[in-house]
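Data first, discussion second: the structure below is written as structure tokens.
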Amino acid sequence: ACAGRRQRGRAARAAMAGGEQRGAPGGPERVALKKEIGLVSACAIIIGNIIGSGIFISPKGVLEHTGSVGLALIIWVLGGGVAALGSLCYAELGVTIPKSGGDYSYVTEIFGGLAGFLLLWSAVLIMYPTSLAVIALTFSNYVLQPVFPNCIPPYNASRILSMVCLLLLTWVNSSSVRWATRIQDIFTAGKLLALALIIIVGFIQIFKGNYEELTPSNAFNFWMTPTVGHLALAFLQGSFAFSGWNFLNYVTEELVDPRRQVSFSMNLPRAIFISIPLVTFVYTFTNIAYFTAMSPQELLSSNAVAVTFGEKLLGYFSWVMPVSVALSTFGGINGYLFTSSRLCFSGAREGHLPSLLAMIHVKRCTPIPALLVCCLATVVIMLVGDTYTLINYVSFINYLCYGVTIIGLIVLRWKKPKIFRPIKVNLLIPITYLAFWAFLLIFSLYSEPVVCGVGLIIILTGVPVFFLGVYWRNKPKCVNRLIESVTCWGQKLCFVVYPQGAVGEEEEAPSARSQRLASETAARK
């Protein structure tokens, strides 16, 4: 039945927050998001989203700001350590508030609707579409490199191939959660194998005695004296390379066994505890391998470090490196699509986005409208936006969101001290993370005031949208009829309905359930 029909439109919107549409007793299997993400796929989502094209292309960002090989390697290890601190905080939040949506769901639960909406607004408007566009363009550039070996691939060819890749993966994610997770598993394994090849070749170089740049006397031979500002920029480069460590929290409801009563025996924290140390190990030893083949000056002059490494040491197999970058970015696009669509789905379920985005396909149980919105937003950014300029604003907004969410963990400890927490980290962990976060944020505001200012403006443009679209309940009947008509049309086009069995329905408190049912009854009247 079309939930957008006029006589049921308001009831459907009221029920949307619970994400529920009951089936008839004895009817077909309930329509709901399927729990098909096991531990291996959960690890693949984290690793696949963290390891993109950066480690293959430009680790020189850290090196050029540190002034020495040794200090650059220390920054890479520290970046992994800070990501680990943040992921421990997100593990507690993920099992305490077991909702899909990640940062958005936690900020909404702790700080209220406006704060959550502003985070959602910036993520849907610019953060994830821009990141997806950059990854897709990197993919197309490396695929087209053999066709245009002596020049940059044409603008139109790069855009068209990027869109084909994006549309293909949108179709895959719309067709089956299992297909999407299998693609993520396969391509994550592929990029780890490529990095393993680099690390193994690096160890062979070390055994041959080619490690001059790694000896203490050379590793800490500074060609420039780094200032506090330089170290902050280097740390920012390193920490951004680890971005994506929180993406599993966006799909909590689709995890097999996201939370058990036995502490640390759960897939969400286990996947985090496996993935972050593994990525830190891989990043650090990949950089060590690079320095066995290149001097710091050679690395700084290279636009694609892994390709240069392959050309110097792999001989006939040097083609493996550009192929690895293409495969890595293909898996990254899939991971971003999978997780960002769940953010749209969660926002719509809370009433912060159009209700159509909270619906899933009646047979495939995939959030097709949310996937289409993510795909369309990325295509628009690709066509009309200066993608590589926008990514500077994205980095600031992303980092700001991390800190606000972890502040929320401390606030939640104070507001709800007795809430059930299967995992409860030591308070020193969020405090230590926030100390690093505050240092980098203050330095960013000081050194890049324009970038940070534009980032804040992008976030604040969501305030009037919130009050007009969400807070203003008594809209004119013509507006409500238009919304209901568009929702009904979208349902028929995508063959979608509200999912049955709300998140946390089994655990919902009696008072919350009675309030929800009362609001639905009032809406029907």
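Glycine is treated like the rest: Cβ placed from N, Cα and C.
Over in TrEMBL, the protein carries these features:
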type	residues	note
REGION	1-27	region 'Disordered'
COMPBIAS	1-11	compositional bias 'Basic residues'
TRANSMEM	37-57	transmembrane segment
TRANSMEM	69-90	transmembrane segment
TRANSMEM	111-137	transmembrane segment
TRANSMEM	157-174	transmembrane segment
TRANSMEM	186-207	transmembrane segment
TRANSMEM	227-251	transmembrane segment
TRANSMEM	272-293	transmembrane segment
TRANSMEM	313-339	transmembrane segment
TRANSMEM	365-384	transmembrane segment
TRANSMEM	390-413	transmembrane segment
TRANSMEM	425-447	transmembrane segment
TRANSMEM	453-472	transmembrane segment
REGION	505-525	region 'Disordered'
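Here the transmembrane segment (365-384) sits apart from the transmembrane segment (37-57); fewer than 3 CB pairs are under 8 Å, leaving out pairs fewer than 6 apart in sequence. For the transmembrane segment (227-251), same-chain residues at least 6 beyond its ends with a Cβ under 8 Å from one of its own Cβ atoms are 37, 42, 45-46, 49-50, 52, 54-55, 59, 61-62, 65-67, 71-72, 75-76, 78-80, 82-83, 86-87, 90, 93-94, 100-103, 106, 268, 271-272, 275-276, 279-280, 283, 335, 338-340, 342-343, 346, 395, 398-399, 402, 405, 436, 439-440, 443-444, 447. Sequence-distant contacts of the transmembrane segment (37-57) (same chain, six or more residues past either end, CB-CB distance under 8 Å): 83, 135, 138, 142, 177, 181, 184-185, 187-189, 191-192, 194-195, 240-245, 247-248, 251, 254-256, 267-268, 270-272, 274-276, 278-279, 282-283, 286, 303-307, 321, 324-325, 328-329, 331-332, 334-336, 338-339. For the transmembrane segment (111-137), the most Cβ-contacting stretch among 69-90, 313-339, 390-413 is 390-413 (pairs under 8 Å).
Under the criterion of 3 or more C-beta pairs below 8 Å, with sequence separation of 6 or more, the transmembrane segment (425-447) and the transmembrane segment (272-293) do not qualify as touching, having fewer than 3 such pairs. Residues 86, 89-90, 92-93, 96, 103, 106-107, 109-111, 115, 119, 122-123, 126-127, 130-131, 134, 236, 239-240, 243, 246, 381, 419, 427, 430-431, 433-434, 437-438, 440-441, 444, 448, 451-452, 454-455, 458-459 of the same chain lie 6+ residues outside the transmembrane segment (390-413) yet bring a C-beta within less than 8 angstroms of a C-beta in it. Residues of the same chain lying 6 or more positions beyond the ends of the transmembrane segment (186-207) and with a Cβ under 8 Å from any Cβ of it are 43-44, 47-48, 51, 55-56, 214, 282, 285-286, 288-290, 292-293, 306, 309, 313-314, 320-321, 324, 327-328, 330-331, 334.
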